Each structure stands twice: as structure tokens, then as C-alpha cells.
Amino acid sequence: MLQRLVVALCLLGFAALTAAAAHQRPNFVVIFTDDQDGIQNSTHPRYQPKLHEHIRYPGIELKNYFVTTPVCCPSRTNLWRGQFSHNTNFTDVLGPHGGYAKWKSLGIDKSYLPVWLQNLGYNTYYVGKFLVDYSVSNYQNVPAGWTDIDALVTPYTFDYNNPGFSRNGATPNIYPGFYSTDVIADKAVAQIKTAVAAGKPFYAQISPIAPHTSTQIYFDPVANATKTFFYPPIPAPRHWELFSDATLPEGTSHKNLYEADVSDKPAWIRALPLAQQNNRTYLEEVYRLRLRSLASVDELIDRVVATLQEAGVLDNTYLIYSADNGYHVGTHRFGAGKVTAYDEDLRVPFLIRGPGIRASHSDKPANSKVGLHVDFAPTILTLAGAGDQVGDKALDGTPLGLYANDDGNLLADYPRPANHRNQFQGEFWGGWSDEVLHHIPRYTNNSWKAVRVYDEDNQQAWKLIVSCTNERELYDLKTDPGELCNIYNKTRAAVRTRLEALLAVLVVCKGESCTNPWKILHPEGSVNSWNQSLDRKYDKYYANVAPFQYRTCLPYQDHNNEVSAFRSTVAAAAAAAAAAAAQQPGRRRMYTWTSAGRQLSATASAIATSPQPRSEPFVAEVERHSVPVPAEVLQSDVAKWFDNPLALA
């Protein structure tokens with residue numbers, strides 16, 4: 001009798017644990033690199049085999065995923081806040097129009113993804129690069145929203161072999177002779193173990209610096225000056241001889257290396273010299289160094305997946321891989337860098353695996369839905385079971401098109417729009433400088449806007465770029481993916497006028513108008529897509545829409561300088577939408593997964609916490625080798641270090 005009772009109790013206990021696990025919300029692990037392109041083959045399985053083994057093959061790649069402000073700090077803010085830079089007004093790497101002080105003064109960390117997730121019962125973790133000028137001078141002013149944040153601090157952020165971190169605002173430590181990505185991997189594994197032991201769902205973001213350029217900053221007592229030096233990325237010692245036969249991919253469909261004829265480009269690009277053979281040889285080595293620096297990131301992926309697997313949480317975890325912005329090497333007339341409106345700088349990798357996502361099992365099938373960094377936060381919230389809250393946060397993004405790869409177990413209320421976004425805008429304020437060919441002078445007037453239209457069936461793909469000088473470029477991306485032939489004055493008026501109208505709306509969009517600009521252009525509802533807009537009966541209307549114009553070139557956002565006929569219309573629509581949302585009854589249900597995964601039940605019950613919470617965090621082995629940052633560095637004037645902010649981005 002006693003034996004039967006014990007068996008019965010065991011079965012009941014197992015059933016309870018199974019039910020609790022079935023209702024536990026998913027975890028998220030995001031591996032977020034720095035300056036990794038989505039075009040020049042940096043994620044090829046030859047160079048990142050573990051990325052494919054652990055994320056691409058068990059998941060999917062979004063092949064049309066873009067950033068909209070191609071420089072690190074504004075782009076990271078787009079990711080966490082779900083808003084375009086013209087709505088965050090965080091537009092630069094450093095102050096006064098960017099930088100950590102402005103980021104805090106804008107209150108961005110009062111309402112962004114980690115805070116929202118904590119409000120849902122998640123623990124949140126961060127390790128690696130946060131923002132460029134999070135430094136030895138301001139580390140105590142910790143960004144809100146993180147259960148545990150172990151962030152790189154300047155001047156050690158881009159020092160591959162001497163990284164420095166501050167954990168939760170503590171005095172920074174450095175790790176002399178230890179490779180930055182390896183230190184981040186050790187710390188990330190410890191954070192994940194801590195997160196699992198806490199027994200709550202978690203979001204962990206891991207942000208290595210590769211393949212960003214290396215930066216050395218030090219004070220020269222003889223010259224009584226701070227000196228900053230920029231170099232190509234530095235691989236881990238064990239990876240220096242990898243990929244010695246790799247070359248810049250001239251065989252891609254873009255074919256825009258060392259563009260000879262730039263007569264149709266803006267004046268500042270026409271003034272750039274064509275790279276000579278010695279420069280090209282150097283750029284080839286820069287390309288190889290970027291690939292080699294990513295080899296340690298690939299090893300990091302392997303360690304993270306092994307940790308999740310050993311902890312038994314891999315199957316309930318979304319594992320995501322992406323980057324803060326794209327990067328070009330040798331394209332057009334450029335050496336190496338970012339911040340242009342061309343696709344090399346805008347397109348980034350985005351790979352994801354997790355509950356409900358059908359495995360691709362190869363590199364060939366891919367998701368063709370357009371995705372942007374502003375879509376990231378609403379996607380995470382929706383997958384976390386809080387899709388009903390997305391509309392409350394004034395976001396410009398919408399959940400990614402993961403429904404196209406539903407294996408039958410994706411959330412039942414995951415949005416499945418009839419018309420997924422097929423147009424978006426890009427924007428940048430500031431200058432341009434070449435990050436490796438330092439003999440090329442810096443150009444200060446590189447502010448620009450762009451609009452890109454993409455037909456999922458690949459029948460049409462267009463891009464319009466407007467420089468702050470009001471010079472215009474238009475490319476047919478279906479026939480010219482390398483953006484070599486500017487056809488602004490050659491294409492038919494119907495295409496040109498529709499693109500101009502879309503740009504005029506999207507550069508000032510807020511909320512719904514960012515995903516559906518047609519509602520602003522055609523409030524009566526007669527047009528809901530690019531193809532519908534091309535009907536000849538609308539030719540006269542579009543011919544009379546005033547194109548977007550700059551009054552002058554400025555390195556920052558000024559609404560009076562950026563002239564759009566739709567600014568007041570968009571603002572009124574956004575205000576009306578906010579007022580309507582405020583009148584809606586509050587929906588604050590906490591959604592949980594059922595064992596089938598397809599259905600959701602509304603409940604206020606606590607998150608399953610099968611393991612007993614662990615009070616002390618796991619400590620990474622590498623911590624034994626850390627030493628305090630020298631006192632003279634802690635007392636130095638950080639502002640003097642930033643003499644080339646674009647190279648630091």
C-alpha cells in the first residue's frame with residue numbers, strides 16, 4: 001500500500017512539473033555582433049559553421065533583414081525601443097546628438113525592451129558592448145532594465161586583447177592578455193547558468209565586438225596628450241592563419257567592387273579616388289581579418305548552445321543572431337566602413353531558431369519577408385506572450401514575418417497580416433570617414449534619407465536615396481542589386497513620383513504610418529500596396545506631391561531643416577491613434593504556453609520555477625584573471641579620446 005502511494009505521489013509530482021514546464025514562457029538568447037555585413041559572405045558556412053549548425057539549420061534566416069540607421073548606437077536603440085531614429089531623436093554615436101549622456105537624458109532606458117520584459121516576469125542579462133561612450137567616467141550610472149549587466153567600458157571597449165568591463169556599476173576590471181570574445185563567452189555562459197538556476201524565463205543578450213575595427217587609446221605623458229589609433233580587427237591567436245585564401249566576393253550579384261564609373265553618384269563620391277592595387281591588397285587582408293575575428297564568435301555560439309542543452313532549456317529558447325549595422329569593404333569608391341545608404345551598410349544577418357519555427361535543415365530555404373531592427377522588440381514581446389501590449393508602446397515596428405515558417409506550434413495570436421510591410425525608410429545624420437584608408441579625407445555632409453520598396457515575388461525592387469545636398473539616386477534593385485546605375489532621370493515618372501511620395505511620408509512616420517504609409521497617402525483606403533499605387537488614375541495625384549527636401553546639410557535632426565508635406569498629417573494621425581488606444585479597456589493578461597504550443601491561456605499564475613532559485617550567481621572562470629583599471633585611467637578626461645567618432649561606432 002505504501003509503495004503504491006509513493007508511486008502515485010511521484011506520478012503526480014512528475015505531472016505537475018510537466019504541466020509547469022509546458023506553461024513556462026520561452027527564453028531568449030541574442031548574439032549581437034558589431035559591424036557584421038549581410039552581403040559580403042561573412043556568415044558563409046565555411047567561415048561560421050557553428051552558426052549554421054546551431055541556428056540556421058534548426059531555424060531560419062531572414063534574407064531581407066535591414067537596419068535603418070547604419071551606425072551602432074542609434075541602431076541598437078532602434079532594436080531595443082522599436083522606433084526609428086527620427087522618433088527617438090538619438091541620432092549619433094557621441095554627444096551632443098548621441099552618446100550615453102543623451103541616451104540617459106532622453107529616458108530611453110525607462111521604457112525599452114529589457115524593462116518591458118522585466119515587467120512580464122523575465123530576468124534580463126547583458127554582456128559585451130553596450131554603447132560606445134559607456135566608459136570609465138560614467139559606468140556608475142548603470143542602464144536600467146538589466147538583472148545583470150556586464151558591459152565593456154571605453155577605453156577598453158575595442159581593445160581585443162585587453163578588454164575592460166564594469167558589472168552593474170562596479171569599478172571596472174581589465175583582463176590583460178585575454179581575448180575579448182573569449183572573455184565575453186565565459187561571462188555569457190556564467191550568466192546563462194545563473195539565469196537557468198533562478199527558475200524564471202530570461203532574456204540574455206551577448207554582444208561581442210567582432211568584427212569591429214580595433215581601437216587603442218592611451219595617454220602619452222611625453223606629448224601630454226591622449227592618442228587614439230585605429231586598426232583592422234584582431235583575431236584570436238589561434239585563428240590568425242585561417243581563411244588565408246579568402247578574397248572579397250566579386251562573384252556576388254552586386255559586382256560593385258572598386259566602381260570605376262561614378263559619374264552618376266553624388267559629388268562627394270565622385271571626388272573619391274579609385275583604390276590603387278596597394279590599397280586593394282590591404283583591403284583584401286582587412287576582409288580576411290574580419291572573417292578571422294568572427295571565428296571566435298562562432299566558437300561562442302557553440303559554447304552557448306552546449307550550455308543551454310546541458311541545462312535542458314534549449315528547446316524552449318529562441319536563439320537569435322544579428323548585428324548592429326552592415327559594413328562595406330571595397331565597394332563603390334569606399335575602403336571600409338558603414339553609414340552610407342547602400343545595401344552593404346543596411347543589410348545585416350538575422351537568423352533565429354526556437355519554439356514554433358520550422359527548421360530549414362539547409363542554407364537554401366529562407367524567409368523573404370522584410371524585417372527591420374524596429375521589428376525586433378515587438379517580435380520578442382509577442383513571442384513572450386505579450387502581443388496585446390505591443391500597441392501600448394508607440395512602436396514603429398511590427399512582429400517579424402516568422403509566421404511564414406510556422407511549424408504548427410507558433411503562437412496562435414502571432415500576427416499574420418495579409419500584406420506584410422514591403423517598403424521602409426533609412427536615415428542618417430553626420431559625416432563619413434574611411435575606417436582603414438586614412439589618407440582619404442573625411443566628408444562632413446553625409447546626412448541622407450532613403451526609401452526601399454520590395455515586392456516579395458521579386459517582380460519589383462526599388463531604392464531612392466536623397467542626400468542632404470538634395471542630390472538624388474534611384475536604383476532598380478532587381479536588375480542592379482549593386483546600385484551601380486543611377487536611373488533617377490531615366491526611369492518612368494510613375495515609379496519616381498511614387499517613391500518620392502513614400503519617402504515624404506516615411507521620413508516623418510510614427511507608429512502605424514511606418515508600416516502602412518498608404519493610409520496617409522490614400523486615407524480613403526483605395527491603395528494599400530505599391531502595385532496598386534501604380535494605377536495610371538493616380539498619376540496626377542502623385543505628380544503633385546511635393547518631394548522631400550533638405551534646406552541645408554546638418555549633422556543632426558532639425559524638423560525645420562527636413563521638409564515633408566506630410567509632417568502635420570502624420571502627427572495628427574499618430575495623436576488620434578494614441579487617443580483611441582487610451583480609450584480601450586486595458587488588457588494586461590499574462591499569456592502562457594500550453595503543451596501543444598498552438599493555444600494560449602490567459603492566466604495571472606506565477607511563472608513555473610521548477611529549480612530552486614539560486615541566490616549567488618555563477619562566476620566565470622576568467623574572473624580570476626581580472627585586475628582593476630589603473631587609477632590614472634579612471635581619472636582621465638574621456639571626452640578627449642573621441643577624435644574620430646565614426647571609427648569608434
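A Cβ is built for glycine as well, from the same backbone N, Cα and C atoms used for every other residue.
Cross-referencing Cys72, Cys485, Cys553 with Swiss-Prot, the residue annotated as 3-oxoalanine (Cys) turns out to be Cys72.
Nearest in space to Asn489 (N-linked glycosylation site), taking C-alpha to C-alpha distance over the recorded positions Cys72, Asn325, Asn445, is Asn445.
Each of the glycosylation sites Asn445, Asn531 was scored by the number of other CB atoms within 10 A of its CB, and the lowest score belongs to Asn531.
Asn89 (N-linked glycosylation site) sits 15 Å from Cys72 (active site, nucleophile), taking the CA atoms of both as reference points. Long-range Cβ contacts of Asp35 (Ca(2+) binding site) within its own chain (separation 6+, distance under 8 Å): Cys72, Pro211, His212, Thr213, Ala323, Asp324, Asn325, Gly326, Tyr327, Lys338. Comparing Cα positions, Asp34 (Ca(2+) binding site) lies closest to Asn41 out of the glycosylation sites Asn41, Asn224, Asn279, Asn445.
Set side by side, the recorded positions Asn224, Asn325, Asn489 differ in how many other CB atoms lie within 10 angstroms of their CB, and the most is found at Asn325.
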